[in-house]
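K.L.:
Okay, these came from TrEMBL:
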DOMAIN    B:5-121  domain 'Response regulatory'
DOMAIN    B:147-212  domain 'HTH luxR-type'
MOD_RES   B:ASP56  4-aspartylphosphate
2 protein chains.
Amino acid sequence: MSHVRVALVDDEPLIRSGLAAVIGAEPDLVVVGEAGDGADVPDLVARTSPDVVLMDVRMPRVDGIAATRALVRAGSSARVLVLTTFSNDDHVVQALAAGADGFLLKRSTPEEVVHGIRTVARGESLLFPEAVRELARRHLLTTGAGVATELARLTSRERDVLRLMATGRSNPEIAAELVVGLETVRTHVASVLAKTGTRDRTQAVVLAYRSGFVTG
Amino acid sequence: MSHVRVALVDDEPLIRSGLAAVIGAEPDLVVVGEAGDGADVPDLVARTSPDVVLMDVRMPRVDGIAATRALVRAGSSARVLVLTTFSNDDHVVQALAAGADGFLLKRSTPEEVVHGIRTVARGESLLFPEAVRELARRHLLTTGAGVATELARLTSRERDVLRLMATGRSNPEIAAELVVGLETVRTHVASVLAKTGTRDRTQAVVLAYRSGFVTG
DNA sequence: CGCCGGCTCCCCCGCGCGGGGGAGCTGTGC
DNA sequence: GCACAGCTCCCCCGCGCGGGGGAGCCGGCG
C-alpha cells in the first residue's frame, strides 16, 4: 500500500486542525475525511474508505464508543484509534468492548500520534503506555471495580438518558430531546437508577462524572 | 504594525498544533512562541513580546487565570485571549477580573479563532457569542442580581452544602452531616441554586463538576 | 413456533424537592 | 449606636421525581 488513509472524527475543529496538520506533514499518511460527530461516521467511512479512523470519545450527539460499535457491526475493515482526554477505565473498557484497536490521549505529542496511526494501520493494537499506567492506578483506587461493569450493563437508550441527565436536563426535557414520551424517560431513568444502584438522578449523575462516563 | 505576534499557552500539544496551523495560515498573523504551562508564561512573554497571548484555562501547574493575573501585574502590554472548553461564568468572571481581554471556546472554528485574535489585537474586547449566550441563559433563570456571580460568590457554608450535594447526599443526609436542621440545609440549597443560576440540585452538581469546583 | 430483551407508553401513590415568605441570632464595620 | 451579611430555623404550597405495578410492539434466538 502507498498511503495510510486516515479519517478524523472530533467535535472540536481545533483538534481536527491539529491532527490534520500533524498527519499531513507525514509522507506516508493522508487525511481523507473529517466528521464532527459520531452520527456522521458511517457515511464518512462509506465515502472515504479510510484505513484508520481517529475517533474522539466525547461528542455531542453520538459518542466515539457508539460510533465504533456501529462501524464494527457494519463489518467495516477500518481500524479505530480512540482519542480521549482522560484515560479512565470506563472509556477504555467500553471502547475495547466496542471494537476499538487502540487509544491515544489528547495530550499526546505529534510523534506519538503518527506512531499510533502507523501501529494500528499495521494491524497491531495500541494501548498507549500512559493510558495503561493511569488505568492501572485508577483500578487500584476504585472499590472493587463495580462501577465500570454497572455502567456497561446499561442499554444504549439508558446511556442516552444518563448522558442527558448528566447535563442537568429534567425528565420532560430529556423526553423532548429524544423525541419520546415522558413516561418512557421515567422508565429509562428508573432502569438507570436500579442498574447503577443509585437512589436518585443526582447520585446517578455523580457516578457518571466520577467514573468518567461523562467528562467534566 | 506588520504582523500580529501570537503566543500559545496550552498543555495539550495537539491544541497548540491546531492553533499554530490555523494562525500560521493567515498572512497577518505569526506565532512567536509556545508554552505548555502558565508557569512558563512570564518568561515566554519576556522573550517573544507577543501582541496576543492565547491562554488555556486549565493547565497542570499554573492555570490560565493565575498566569493572566501575573502578566497584568507585571505591566505587560500583551493582550490575553482565554481559551476554555466550557463556557461557565465562573471561569469568565475570574478571568475577566484577572485582566483577560476576551474568550474563545475550544470548539470554536478556525475562522472564529483568527477573528478573535484580530479583534483583541485591535484593542477591543471579545466575549465570544456562544459564551455570552450561555452566560445570558444562565442569568435569565436567576431573579435579580446584576453581574455574573456563580461559585465565587457562595458563602463558605453554601460551599459545604454544594460539596455534599456533589457526593449525592440528600437534604436530610446533609443536615445530619453538618449537624444542622433540615430547614437550614434547604435554605442553603436554595441560595446555591439562586446564586449559580441553576434550577435543581442536579444542575448545580453538574456545574460543580464541570467547573472543577469538585473533582470527578 | 415461542421466548426474551429492549423500547415504548400507561396507571396510581408518596414524598422529597424547590419557591415563597418570615424571623432570631451572631459578628463585622461604619 | 445602627446596618448588614451570614447562619440558623420555621411556615405553606405545588410539582417533579421515584417506586410499584402493567402492557403492547419488535427483533433476535433457540
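Each residue's number is its place along the chain shown, starting with 1.
Here the Cβ of each residue, glycine as well, is placed from N, Cα and C on the backbone.
Curation plays no part in TrEMBL annotations; they are all automatic predictions.
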K.L.:
What are the sequence-distant neighbours of the residue listed as '4-aspartylphosphate', meaning same chain, six or more residues apart, C-beta distance under 8 angstroms?
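P.N.:
Correct list: B:VAL9, B:ASP10, B:ASP11, B:GLU12, B:ILE15, B:GLY64, B:VAL82, B:LEU83, B:THR84.
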K.L.:
Helix, strand, coil: count each for the residues of the domain 'HTH luxR-type' (B:147-212), based on DSSP.
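P.N.:
Within the domain 'HTH luxR-type' (B:147-212) the tally stands at 47 helix, 0 strand, 19 coil.
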K.L.:
So what's the mean pLDDT when you look at the domain 'Response regulatory' (B:5-121)?
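P.N.:
Residues in the domain 'Response regulatory' (B:5-121) carry a mean pLDDT of 79 in this prediction.
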